[in-house]
Every structure is written in C-alpha cells, then in structure tokens.
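Q: Annotated compositional bias 'Polar residues' per TrEMBL: 1-11, in sequence order. Annotated region 'Disordered' per TrEMBL: 1-25, in sequence order. The compositional bias 'Basic residues' annotation in TrEMBL covers 15-24. Residues or ranges marked as domain 'Vps72/YL1 C-terminal' in TrEMBL: 58-87.
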Amino acid sequence: MSYSFKNSSWQARKKELKSRRQSQSRKFNNIKAQVQINNSAFNYLSIEAPPSLKPAKRYCDVTGFEAKYKDPVTQLYYCDAIVFNYIRNCPKATAEAYLNIRGCTQKLIS
C-alpha cells in the first residue's frame, strides 16, 4: 500500500549518524595522541591559569554567607537586613575587628 503523502525514497539516518560519531572519536584520538599529556608535569602547585573574567565573590563578614550588599559607613559586607541591623548597632571596635579579619587595614571615621 502506498500513500501519496509519504516519500518513497526516505530512509532512516542511523548509518550516517554512526559514521559521524566514529569520525569524531577518530579525530579526538588523533588530537590526544598529538598532545601526549605527561601526567607528572601537572599538579595543583604548577598549573598557571589566567585571571578569572568573573568578579570575585563577596562573603558576609558576620555570617560567612554570600553577601549582596556593602555597608557604606563601616565598609562591611552583609547578606540580609538582620545582619545590617547588627552591623549598624555594633561598636566601632567590633566593626574594625571584622575588617581586620578580612584583611582590610582601613580605619573607620566616627
């Protein structure tokens, strides 16, 4: 039985896809053979990487969570309103201690 809407010369593409996968794996094997990675040359201390294009993550100085905000008065990073309230109500010496822990040597102006 032949239908008029069907293409009589249509065939499944399984063979074409299989040959494409094989050629890709052959290309990968050729590249891998050319590179010849020496496993002893790479370790965590010797790999040099370019600087990241993404901005550095900021962490809350009080809780350690990822910080979205920075207090303009004390220069401390904070993650939510509760921590912001704590930062604003804490003594100046405590805020400077948090800054010293982070490594910031800036003195707060009262």
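Using N, Cα and C of the backbone, Cβ positions are placed for all residues, glycine too.
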Q: What mean pLDDT score does the domain 'Vps72/YL1 C-terminal' (58-87) have in the model?
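A: On average, pLDDT over the domain 'Vps72/YL1 C-terminal' (58-87) sits at 94.
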Q: When secondary structure is assigned with DSSP, how many helix, strand and coil residues does the domain 'Vps72/YL1 C-terminal' (58-87) contain?
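A: Result for the domain 'Vps72/YL1 C-terminal' (58-87), in helix, strand, coil order: 7 helix, 6 strand, 17 coil.
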